[in-house]
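Feature table excerpt (TrEMBL):
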TRANSMEM  26-48  transmembrane segment
TRANSMEM  60-78  transmembrane segment
TRANSMEM  98-125  transmembrane segment
TRANSMEM  145-173  transmembrane segment
TRANSMEM  185-218  transmembrane segment
TRANSMEM  239-264  transmembrane segment
TRANSMEM  276-304  transmembrane segment
TRANSMEM  316-337  transmembrane segment
TRANSMEM  357-378  transmembrane segment
TRANSMEM  385-405  transmembrane segment
TRANSMEM  411-434  transmembrane segment
Amino acid sequence: MCDMFLPGGRRARCDIMLVMSTPRPAVLSVGVATALSAASGYFVLLLAARSLTESQYAGWFVFWSAFGLATGALGGLLQETARGVRAAPAEARGARPLLAGFGSGVVLGGLALATAPLWAGLLFLEAGGAQPGSARPAENGVLPLAGLFAVGVCGVAAQAAVGGLLSAAYAWTPFAVLTVLDAAFRLAAAISCVAFGAGPGWFCVAAVAGAGSWLVLLTASPRARALAAARADVPMREFLRRCAAAVAAASASAVLVMGFPVLLKITTPGRLPEGAGALLLAVTLTRAPLLVPLNVFQGALVAWCTDRRSRPWRALGIATGAVLLAGAASALAAALLGPWLLAAVFHVAWPFGRATLAALTLGAAMIALLTCTGVSCLTTGRGRINAVGWWAATLASLALLLVPALPQDQIGLRVCLALLIGPLVGMAVHLSALRGRL
């Protein structure tokens, strides 16, 4: 996902060349692994929705999204590792990315755990079984969930470094295995939760169960172990600085794409209102027709726009037209079939109108359009503006969730406005830059 993780055009071009020079069977293996991972994630959502109460599911989904946000942000570490190791000469004595990744994970996990009393009660209230106003969140399972989150972050950071090392060496088969292992461990843990009738806390364990996949791969794969000692092209301090910049850029899109339930939770005092679980599930499902394929083929989109960077407006117009057509068709399908699908497959009653499902789908189309304008900025040498646009969209969505004129119990209206209008603000930033005004 080049536009999410790369802060500059040069690095995006490097990633494009890496994809274009990869043998077709290797690309196919990564594509299949990505599809299996996505399918596994949706199946975990299905299992949780069928096993937990509506309130429990809403709380668990916030944990799931918070961990997904952290994973998306740490994707910047994967990209910087791939760049640094690929650019390093054979005799390089620079930083060891695996050491940097694991060390960064320990530091970030430690910070999360140390500050947990300040934020864990806000985010993990329902998932931990706490009651509103609880003065001792540890007794209600909230702080243990924060500890689980911290351990997961540590594992994901190391896993991102391993993924970057494999990418730098074009080791696509081990990379695909790593992707499948992560999904398989998570799915197996979720199935176990269903089999034993576990509550939301154990489903949170399932959410982070894949974070140790890199250890299994290093144990089983001689090629992966050999790459673990690879070095980057710059010393450790500079490598960490570049990783921090890449993570900051990746966070810009991760917050809005994967972390929206977290935004909703922190802007809603106390427990999420009735219907929140169904709404959060619908937000995820309505994004599938547009954002899942776009994320899988985002590298191809970057390559296509790069080849047409002398005429960026034409390329953007074609991409925009395709997204709008797909978005309109998906919105119509969501309005007609959405309530039935939620009830028949997920056993979830839809408490909002059909128009809400259509609006959520159009909100996903807005995020897809924001991705396209971001790619246009990226491929014309405006990588920083890409990140600025995503942050502007995120802050606008956050502000809309906090509008005093919108009652807290009107959660459907708040979410739809945030998802429809927030990305428009980010697009305005991107388009202004493309017009030479920024």
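Just so it is clear, glycine is given a Cβ too, placed from its N, Cα and C backbone atoms.
Unlike curated entries, TrEMBL annotations are predicted automatically.
What you are looking at is a predicted structure, and each value in this text was computed from that prediction instead of being measured.
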Can you work out whether the transmembrane segment (145-173) touches the transmembrane segment (26-48), with the criterion being 3+ CB pairs under 8 Å where the paired residues are 6 or more apart along the chain?
yes
I'd like to know if the transmembrane segment (385-405) touches the transmembrane segment (60-78) in this structure, counting it as a touch only when three or more C-beta pairs sit under 8 Å and are separated by 6 or more positions.
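These two stretches do not touch.
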What parts of the chain pack near the transmembrane segment (411-434), using Cβ distances under 8 Å and only residues at least 6 beyond its ends?
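Distant Cβ neighbours of the transmembrane segment (411-434) are 256, 260, 263-264, 268, 272-273, 275-276, 279, 283, 312-313, 316, 352, 356, 359-360, 362-364, 366-367, 369-370, 373-374, 376-377, 380, 382, 385-386, 388-398, 400-401, 403.
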Which listed range (26-48, 98-125, 185-218) shows the maximal number of Cβ pairs under 8 Å with respect to the transmembrane segment (239-264)?
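It is 98-125 that shares the most Cβ pairs under 8 Å with the transmembrane segment (239-264).
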Using Cβ atoms and a strict cutoff of less than 8 Å, what residues sit near the transmembrane segment (98-125) while being 6 or more residues removed from its termini?
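Residues 59, 62-63, 66, 77, 81, 132, 134, 137, 142-143, 145-147, 149-151, 153-162, 164-165, 228-230, 236, 239-240, 243, 262, 265-266, 270-271.
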Can you work out which residues elsewhere in the same chain, 6+ from the ends of the transmembrane segment (26-48), have a Cβ less than 8 Å from its Cβ atoms?
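Same-chain contacts beyond the flanks: 19, 57, 60-61, 64, 170, 172-173, 175-177, 179-180, 182-184, 186-187, 190-191, 193-194, 203, 206-207, 281, 284-285, 288, 292, 296, 345-346.
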